Amino acid sequence: GQNIANMMMMMIQGESTMFLRLFQLLLLLSCTRFNDYAEASTTTIINVWPKPRNLTWSPPYQTTLLSSSFTIITTTIHRNKHLSAAISHYHTLIKSEHHHPLVPLRVNISKDLPPLQNLSIEVVDPYAGLIHGVNESYTLSIFSSHATLTAQTVWGAMRGLETFSQLVWDCPRKIAVGVEVWDFPLFVHRGLLVDTARNYYPVKDLLRTVEAMSMNKLNVLHLHLTDAESFPLVLPSEPALAEKGAYAPHMVYTPEDVKTLVEFGLDHGVRVIPEIDTPGHTASWALGHPEIVTCANMFWWPAGSDWSERLASQPGTGHLNPLNPKTYQVLKNVIHDITTLFPEPFFHSGADEIVPGCWKTDSTIQKHLSNGGTLNQVLEKYINNTLPYIVSLNRTVIYWEDVLLDDTVHVASTILPKEHVILQTWLNGHDHTKKIVSAGYRTIVSSAEFYYLDCGHGTYVGNNSAYDKQEDGNTGNGGSWCAPFKTWQTIYNYDITYGLSEEEAKLVLGGEVALWSEQADASVLDGRVWPRASAMAESLWSGNRDEKGVKRYAEATDRLNEWRSRMVSRGIGAEPIQPLWCVKNPGMCNTQHSV
């Protein structure tokens, strides 16, 4: 009886082995897909985007398999839920991605190396908060038997996890062995502005954008939450603003939505900075509080008037009235609610494009002017009544550059304390960056000439005769004030500290590409942003020059093709930068063929 039992056990074990081998074969087949680019060429270049500051992978360029039981572990005892969330996210991504490079890697798969079992993470300070200037450095080492990731903070560990995920490819999953990475960013502020007021973006699309930002090591989502067109943010103390100012009841961001977005941002190492643009760009406020808004609901450029006599710089008129005490009652409620909803220490208060014609329609302001007062004094009153309150809530205030540099309406630098104020530049490129830092202010660069993602799509105003030209096709840069379209190479090659002294350059915190949404919504979000934002991400993380100081945009083209492909496979609808023919024919899509 025992012999029969042993024979049965051997048969079962044999069948189990057979089934296991069959399962492995099926797994291998499931990993196989037709690769149209496999015969094009091969490479030993590991593609990590953004390119790390220092990455070495030495011959013989070995790889091993990732174990089927691969895990990510921490050697640091912690209770940081954001680190735990990041580990869970990357563990799932690494185990499921099966990325196939467009150009296969020419590597040696060593049969002598065991599968990689785990990645161990050590975080020196697991409770450092995600604030401006937090340490994002990390070191990553991948050995034949194990891999280690060391970071000063959780946020550096997240950057290292992203790099590790990009070093895994194919199916069965392979991992490069003998890789050493030492990495940290050039600029601490690397952001994307999304305008949620001109057109509404559902929360799910903003969450996907945050995930894509984390893939690219961007760390700031700047939400331009309100503008003349709509007020979609639900505020407990001022519910009428969204009730009447949003496009529709479902086109709002509730406190629960904000909490979801902020927490998701923290799970991915992305800060969320709120902007409430005031005192201009506030036509939508008039629907809930008409008494505090001047020139509300008027035609923006009266017929027969000069541009200097306009009431707004685009359709949608309305400025908050700084001479009406009720304005500050509403504003303090708004500011208090926003600082409660958004824990971020930076608060963006706008202050761009003050149009004199709008304020001049108000009788109180007219009386002030007739008594010898100026519009600069009106703006000064506004700043003096809001800036100290925002600062009292432990916030640093960001304004658009206009508040200091506008030719017509601005305030003196004495009104804007440098320790509490950051100026974001968007006009005149390097010239205005220089003016801001020369005055001693910290700055965030969003130059329209380089970083505006909406440019080149024409104007959105109707009845425009510029488009009715049968003989002359020139419609004035396509009717777009900031044309042409900003290509990824334009963005990549922009040097945001160009022409600055070493001390002045220290005041440049970083940059933001901006998606203004007059002609954008969720349907075009991914393609309008990616991979152009990826270009800025690398430029601000590790620079746009090689070790010899030469611009590396030619070399970056092949890598960005690969990275764009990987983003698409991860569910990000990034637009292509070249025909796939260019991938199959390396070097043939350059402007001149190099011998």
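All residue numbers here begin at 1 and follow the chain in the order shown.
Every residue gets a Cβ built from N, Cα and C, even glycine.
The signal peptide feature in TrEMBL is assigned to 1-40.
Taken from TrEMBL, the feature domain 'Beta-hexosaminidase eukaryotic type N-terminal' covers 48-167. The average pLDDT the prediction assigns to the domain 'Beta-hexosaminidase eukaryotic type N-terminal' (48-167) is 94.
Among the features that TrEMBL reports, domain 'Glycoside hydrolase family 20 catalytic' is placed at 187-543.
The 10 Å shell around the Cβ of GLU353 (active site, proton donor) contains 16 further Cβ atoms across the protein chains shown. Per TrEMBL, the feature active site, proton donor maps to GLU353.
The residues of the domain 'Beta-hexosaminidase eukaryotic type N-terminal' (48-167), classed with DSSP into helix (H, G, I), strand (E, B) and coil, number 29 helix, 42 strand, 49 coil.
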